[in-house]
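This report concerns only the one structure given below.
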Amino acid sequence: MSQQTPLAYAVAQWLQQSSTSVPADQKAKLQQAAKSVSEAFGVDTSSAEQQAQYGSGPGLQAIFDIFLKTQAKMGAAPAPAAASSSSTAPAAAAATPSDEDLAKAEQLKAEGNKAMSAKDYGAAIEAYGKAIELNPNSPVYFSNRAAAFSQIGQHDSAIDDAKQASKIDPKFGKAYSRLGHALFSSGRYQEAVEAYQKGVEVDPSNEVLKKGLAASKEQLSSSSSSNANDATASRGAADAVSAPSAGADAGAGAGGFPNFGGGAGGMPDLAAMMNNPMIAQMAQNLMSNPDSLASLMNNPMLRQAAERFGSGGGMPDMSSMMNDPALRDMARNFMGGAGRGAGGNGGNNMYG
């Protein structure tokens, strides 16, 4: 095995993975590039044997991210010979963007905003990234890219960008909104509370931050007692399954969805659901928007509910799930509603 083989495999794998989050006209180019690398070095990313041999590591993107973070930390460290008066100067001060770069960065930001409105999140991430390259001192660019990362479920990247935005400008309230949203969506409720709390301190009149803080506190309280309630909930679900049905309303109350006839054990009547125009529209939007579908499936609360239901734990508590601002945001979006939930990436919390 050549020493280049693992690297070639990682490059081909990264190209294929990247093709899922770019515009259609760029997808074919990335796939062709992956094919060329695979053929040139004799690697096959679809091979289970090569996957086990070369693909068990963290991946090329993760390794590169670690390199960038390490480089940033080393670059931010004060030089031993530096004068004390310069030790407090920002690291970026030596590379102040030119007026031309600033204007181009603003143009790229506008392109990213337009892509966000069109739900083309891959293009938005690319545009904001180019703007950051030209002007890394703008908290808005990092904040906007954090919103785009959240939309496709890349919450770790969103957290990094939101933290960088707050580091550049500690009084930029929207950075804490992005950070709280990404932390909440990752199931890190205590950290989400802290992020939203900091945001409320710097921007007391921001209703999005207040709602996000309230939702995070409620979810933190709920999640802290969920383990104690799991056994009781399972017994209650078993009783509901064995109890005789008292009609459609009883089915809905026994763990089913509201406003739909309940089937056995509180399961919703799927035929009735698909006859509902809002549910039909939501299903259609899900099928036509793979990025949002990926974000939905990455939501920790929804994933936990699905796992609990699959193991016989009964239907999830829909009212509790709708307290998750990320789920509420996506539900309104899929059903054609205007505005977003607390802590989300829309409504009064639009990108800059």
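One is the number of the first residue shown, and numbering goes on along the chain from there.
A Cβ is built for glycine as well, from the same backbone N, Cα and C atoms used for every other residue.
Sequence annotations record features per position, and here Swiss-Prot assigns compositional bias 'Low complexity' to 80-97. Residues or ranges marked as region 'Disordered' in Swiss-Prot: 80-103, 217-236. Annotation comment: Swiss-Prot describes 140-172 as repeat 'TPR 2'. What Swiss-Prot lists as repeat 'TPR 3' is 173-206.
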Handout entry: Tally of residues which DSSP labels helix, strand or coil - the repeat 'TPR 2' (140-172)
Key = 26 helix, 0 strand, 7 coil
Exercise for the section: Summarise the model confidence on the repeat 'TPR 2' (140-172) as a single mean pLDDT, whole number. Expected result: 96
